[in-house]
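Copied over from TrEMBL, here are the features:
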type	residues	note
TRANSMEM	31-54	transmembrane segment
TRANSMEM	116-134	transmembrane segment
TRANSMEM	146-163	transmembrane segment
TRANSMEM	232-255	transmembrane segment
TRANSMEM	297-318	transmembrane segment
TRANSMEM	345-365	transmembrane segment
TRANSMEM	377-396	transmembrane segment
Amino acid sequence: FSFRKLWAFTGPGFLMSIAYLDPGNIESDLQSGAVAGFKLLWVLMLATSIGLLLQRLAARLGVVTGLHLAEVCNRQYQKVPRIILWLMVELAIIGSDMQEVIGSAIAINLLSVGKIPLWGGVLITIADTFMFLFLDKYGLRKLEAFFGFLITIMALTFGYEYVTVKPNQEKLLKGLFIPYCQNCGTTQLEQAVGIVGAVIMPHNMYLHSALVKSRQVNRANKKEVQEANKYFFIESCIALFVSFIINIFVVTVFAEAFFEKTNADVNEVCMNASSPHSSLFPNNNQTLEVDIYKGGVVLGCYFGPAALYIWAIGILAAGQSSTMTGTYSGQFVMEGFLNLRWSRFARVLLTRSIAVTPTLFVAIFQDVEHLTGMNDFLNVLMSLQLPFALIPVLTFTSLPSVMNDFANGL
């Protein structure tokens with residue numbers, strides 16, 4: 001084992017792990033904590049573990065064949081299934097893009113104390129995408145370093161909330177390692193399914209299989225291929241462990257502070273704190289429902305304005321970091337399935353336009369609750385798209401004709 005070699009292979013896994021930290025994931029985390037307390041932490045751990053297995057298979061496919069998943073699909077499938085797969089993955093990418101736009105817009109609105117409206121935040125996220133394209137010109141390694149910086153911001157901001165709230169460690173460990181959900185109903189079940197859809201992103205498998213190609217590997221040398229597989233797997237483990245810890249921060253903060261709270265409880269605290277957002281919570285005994293926007297507001301009411309702004313910075317980092325991974329995924333998918341080599345600028349312009357248009361209409365004509373409601377719908381959409389990435393990955397990595405000596409036995 002060599003740390004120097006691990007460093008050389010470090011990058012693709014962290015870019016891939018950003019999909020486990022996008023605004024859709026953060027919203028799923030906080031709702032899980034508020035709705036079920038610590039009881040669904042084991043679902044999060046199980047989903048992340050399954051995600052790691054699938055990312056390992058996707059990375060192995062890229063390393064062994066020198067082709068990413070979309071290129072292998074193009075070679076192995078007939079025209080009709082190939083087009084169906086492409087459309088499903090594009091739908092997942094657009095849905096993910098919408099979540100990133102929504103998250104960034106809400107974060108900008110919170111940071112500006114409402115002075116920048118939601119539709120203004122949506123427009124700003126269009127402009128910042130092209131800033132990432134500019135950064136991309138300086139090389140993939142620098143882009144990887146920048147995303148590492150954004151992940152660090154998320155770890156620090158959500159870690160700050162964790163330290164401030166001080167969740168019960170005994171309940172945390174019980175929730176992680178004992179698969180139970182006492183007194184759970186339909187709401188908790190829906191949330192458990194939503195966690196899986198939010199964590200395992202279908203287009204992320206296409207992305208990871210392509211990113212590993214950025215490292216030079218002599219595929220004629222079996223030992224070199226084995227070594228590359230080993231280091232990419234170690235890097236993926238580290239990256240997903242970091243993302244898992246950040247997700248735990250969010251779940252446990254809301255499980256400790258807001259599980260079984262009512263609107264009246266929060267309304268009273270926000271009124272006492274002179275929060276301008278206290279009208280968000282009607283003075284009734286209904287169970288508190290939170291989303292990315294309300295989550296920041298209630299943190300501000302209970303733990304001071306610093307908690308609100310630090311939360312918004314974390315959400316902004318999540319939204320911005322996942323923007324470019326969606327762009328890369330879209331480019332690899334289009335090139336692989338259709339043999340179309342568009343410039344990144346044209347590619348971003350197309351997908352971001354499709355993603356921004358419905359989001360912008362909702363932001364202009366509806367309130368923030370409808371905007372975050374879209375996030376829930378998009379998490380369900382991701383769950384439905386998952387088989388269209390799962391089936392090719394599991395199929396190709398088990399075929400000796402594709403993977404040679406590296407085919408899986410299952």
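Start at 1 and count along the chain as shown; that gives each residue its number.
Each residue, glycine too, has its Cβ placed from N, Cα and C.
Given the structure is predicted, the values throughout are model-derived calculations rather than measurements.
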Cβ pairs under 8 Å between the transmembrane segment (146-163) and the transmembrane segment (297-318), at least three: yes
Tertiary contacts of the transmembrane segment (297-318) (same chain, 6+ residues out, Cβ under 8 Å): 21-23, 25-26, 103-104, 106-108, 110-111, 150-151, 153-154, 157-158, 160-161, 164-165, 253, 257-258, 266, 269-270, 273, 275, 277-278, 280-281, 288, 290
Contact set, same chain, for the transmembrane segment (377-396): CB under 8 Å, 6 or more residues outside the stretch: 24, 27-28, 54, 57-58, 61, 69, 72-73, 76, 84-85, 88-89, 91-92, 95-96, 98-99, 193-194, 196-198, 200-203, 205-206, 402-403
